[in-house]
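Going by Swiss-Prot, these are the annotated features:
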type	residues	note
ACT_SITE	Cys51	active site, nucleophile
ACT_SITE	His420	active site, proton acceptor
DOMAIN	42-462	domain 'USP'
Amino acid sequence: MQNMMNTSQSFQNDSVLIGDKNTLQSINKSVDNGSKNTHGITGIMNLGNTCYMNSALQALSHNYLLINYLFMNKKQIIRTLLTNARKIFKDCDNFKIESTISPIPLELRKKIQSENYHLSMLTVEDVNILLNNTITAQIIRLFECMWKNNCVVVPTSFRKVFGEVRDKFFFGYEQHDAEEAYSCIIQKMQEELAEKRTIRFKTTRHSVGEYIKYMNDVKEKVSCLPNGKEKDIVMNKFKQIKKQMPRESLTAESFREMKKYYEQGYSYITEIFSGYVHSSICCPNTSCGFTNDRFDAFTHLSLSIPVKNMYEQLNVYDCLREYFSQETLDADNLWNCEGCHEKVQAIKKTKLWTTPYVLVIQFKRFGMTRIAKDNRFINYPMDELDVSSVICSQQFEDSVQTKYKLQCVINHHGGLNNGHYFTYSKIENTGEWYEFNDTYTGKVTDNHIVNQNAYILFYIRSDLFRSQ
């Protein structure tokens, strides 16, 4: 361990260029096992109502952007997990010094709780214990086994760690939701691999760069001026420029908000699965015109299913339009405008701002009350999903990509209380679709993929998708 400490490089202060094509190209490859046989056709044993977990694992294990990142960066990932060990485990019951029933050795618990914690304090045994208690290391180990041989794996170790997260939300043998499993796995990997980095964004618009430079110059100038007339003159001029360059101003604001989000804890998991939505609320008073802009990250879109005539066919675009439709804030939901300080009837608009590498779409078949399941058929494209119709009209960066190809479908068969989850996944290096249904695996034809049981769709951006 000491030898690893001496030879490894620290990455804590590296800067990251979000959306860097060079990084993408390095992992944008098929999983290669040195064999001409198709690999990754592995079943997962159901350990007692764990089909929800198995289906999420199969979807993630056949996401080649994720798989290649995990496999090709294993050493750095392990180092990050060990570096972050105190942050990951210091609030975990098993790692508390006062615990009387913890399976973790007392000496290791003391190291984790120490404010002076460092990798050099760890023994080989410590390293193994720590890694065995992380979702990320367990999922790498599981996926390596799944891709090494076409077999059936029994995910006992992963299940044990997975059952401990979210205050043991998944503990026991109750049925849960596949979306909850997916979200939990991604969130835990983000947390475990989070690093402080300096984040940069590259604009494709010269005017945006000029605006950001001007804005920074104004901030520097204002910071040196005393409160008074001269400062007011500078700020009033800036406000005029801002009004004249609304798109540049909004883009600069988005960079600022996204920078904060990524710098709170950067990981490549976040970059793969995260996109941004832009919400705006505008005051209707012509004398005011104040607009509140907000940018929010997402790792999946949870889409309501519109109410339609029973004879009208639904498609994923109907659901996207419903999700991104404008909302009137009236009656008991009046908006308190920060500009005129009045409660007004305003319009809230929400649109996509940036698109993730992997777009995950959930159909809300169970609703808020979970009284019944909506079994209606929803059509969705396999070869090209184009989300350009729900991109914010103020977004004018050329780098925003809007077309996707389907990679995976998590299906839910049956009713609300007696359903079963299984997965259709595309094997990226052959283009063939397979069904993964707990221990069962088998080829399926394309006409099976778009089906009434579809619950969660996984799309990969077309500009990242390898041609067959």
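For all residues, glycine too, the Cβ spot is worked out from N, Cα and C.
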I'd like the number of other C-beta atoms within 10 A of the C-beta of the residue listed as 'active site, nucleophile', please.
24
Mean pLDDT across the domain 'USP' (42-462), rounded to an integer, is what?
91
Cβ density check for His420 (active site, proton acceptor), other Cβ within 10 Å (all protein chains) comes to 17
For His420 (active site, proton acceptor) and the residue listed as 'active site, nucleophile', what Cα-Cα distance in Å is obtained after rounding to a whole number?
7
Through the lens of DSSP with three states only, how would you label Cys51 (active site, nucleophile)?
helix
